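Participant: There's a structure below that I have some questions on.
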Amino acid sequence: MSDAYIALADGRVLEARARAPGRTRGELVFTTAYTGYEESLTDPSYAEQILTFSYPLIGNYGVRSERFESDSVQPRAAIARELTDDVADWLAEEGVPAVDHVDTREIVTTVREEGAMACGIAAGPDATPEDAVAEMEACEPMSDHVDIGAQVSVAEPTVHEGGGDVDVAMLDCGAKGSIISSLTERGADVHVLPYDATAEDVAAVDPDVLFVSNGPGDPENFVAAQAVVDEFAGDLPMAGICLGQQVITSALGGSTEKMAFGHRGVNQPVKDLRTDKVVMTTQNHGYTVDDTGPLEVTQVNVNDDTVEGLDSEELEVITRQYHPEANPGPHDSLGFFDEVLDLATSSRRVAAD
Ligand SMILES: NC(=O)CC[C@H](N)C(=O)O
């Protein structure tokens with residue numbers, strides 16, 4: 001007898017083993033990353049999603065809080081072929097349902113063929129297939145989570161000192177901790193502001209650059225962040241990662257669209273169109289920029305040609321769809337943070353001349 005059920009939007013109910021009990025629902029997605037489960041499970045970009053690991057064994061090197069990207073577990077639930085006790089116990093403590101002993105290849109091929117979909121999970125001694133179906137039926141599309149930023153952003157402005165003389169104003173739409181530390185390690189002071197900060201809040205920190213972070217859900221719902229970008233366009237250098245690229249592009253007149261199942265993993269090849277160099281990148285996104293507005297495409301995904309990097313010399317904008325901070329993943333693109341800080345300081349020099 002199974003003690004866990006996974007209900008998919010296409011009507012199937014899969015049997016599994018409960019590793020952390022509970023009932024929940026979310027958008028079913030998968031990551032192909034073979035390491036970095038501590039980072040992925042604490043990445044705020046996964047809020048309101050159910051994360052399936054395609055790699056079959058998750059948890060084989062334990063759970064260490066130094067690796068966490070935020071203070072809590074972010075996906076609504078986790079699914080793997082095999083979860084170790086370390087991970088299962090951690091998720092149980094955090095109240096996040098987790099299941100294993102399920103054919104994750106079937107889940108991955110379903111999502112690849114039919115797209116990211118509504119999913120319900122019921123796990124624990126009393127769980128029934130009907131409970132999982134009821135959860136799945138109550139699942140809202142990602143774009144209906146209009147205030148998802150409130151779930152993942154800081155409540156109050158917070159400063160992370162890097163000791164240098166560059167001030168970054170970061171709109172925290174669900175920032176991973178290592179995006180902040182990638183900037184402080186390079187000497188920047190990072191003023192982390194709530195996702196709904198106003199232009200006045202940003203002006204109050206007198207930044208050299210505006211940075212829009214990664215984050216969960218539909219970028220079109222981050223209307224306050226888009227308004228801030230619109231306000232400072234052309235007057236302040238700007239940079240963004242993932243949701244940040246999407247928000248900046250939309251605010252400047254471009255647009256985004258939902259992908260079928262997105263990119264989630266640590267080996268997505270990205271080509272720089274100026275150098276022809278390909279690097280491996282970490283990704284976690286379900287939306288993509290389809291109209292770049294005034295921005296120029298500088299980098300593309302080698303697998304499907306989607307936009308990976310955007311730039312505008314005139315507007316002093318530089319963005320990435322992937323995650324240069326890695327964690328998990330390859331460090332090939334860490335230089336992005338140097339480019340951001342160069343943009344901030346060179347613009348200040350021009351202003352002073
Ligand atoms: N990592 C992110 O910032 C994700 C951005 C956005 N929520 C998407 O899925 O496309």
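Every residue gets a Cβ built from N, Cα and C, even glycine.
Since we're looking at a predicted model, the values are computed, not measured.
Feature list, courtesy of TrEMBL:
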- Cys242: active site, nucleophile (ACT_SITE)
- His323: active site (ACT_SITE)
- Glu325: active site (ACT_SITE)
- Ser45, Gly215, Gly217, Leu243, Gln246, Asn284, Gly286, Tyr287: L-glutamine binding site (BINDING)
- 2-122: domain 'Carbamoyl-phosphate synthase small subunit N-terminal' (DOMAIN)
- 1-168: region 'CPSase' (REGION)
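On this model, are these features tucked inside or out on the surface, and what's nearby?
Facilitator: Sequence-distant neighbours of Cys242 (active site, nucleophile) (same chain, six or more apart, CB under 8 Å from its CB) are Ser45, Asn214, Gly215, Asn284, His285, Arg320, Gln321, Tyr322, His323, listed in sequence order.
When Cβ atoms from all protein chains are considered, those within 10 Å of His323 (active site) total 27, not counting its own.
Glu325 (active site) carries neither a helix nor a strand DSSP state and counts as coil.
Reduced to three states, the DSSP call for Gln246 (L-glutamine binding site) is helix.
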Participant: Report, in whole Å, the straight Cα-to-Cα distance of Glu325 (active site) from Gln246 (L-glutamine binding site).
Facilitator: 17
Participant: Quick check on the domain 'Carbamoyl-phosphate synthase small subunit N-terminal' (2-122): DSSP residue counts for helix, strand, coil, in that order please.
Facilitator: 31 helix, 44 strand, 46 coil
Participant: Helix, strand or coil by DSSP: which one applies to Gly217 (L-glutamine binding site)?
Facilitator: coil
Participant: How many neighbouring Cβ atoms, not counting its own, are there within 10 Å of the Cβ of Glu325 (active site)?
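Facilitator: Looking across every protein chain shown, the total is 26.
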Participant: Determine, to the nearest whole angstrom, how far the Cα atom of Leu243 (L-glutamine binding site) is from the Cα atom of Glu325 (active site).
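Facilitator: Cα-Cα distance, Leu243 (L-glutamine binding site) to Glu325 (active site): 14 Å.
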Participant: I need the CA-to-CA distance for Gly286 (L-glutamine binding site) versus Glu325 (active site), whole Å please.
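Facilitator: So the Cα of Glu325 (active site) lies 19 Å away from that of Gly286 (L-glutamine binding site).
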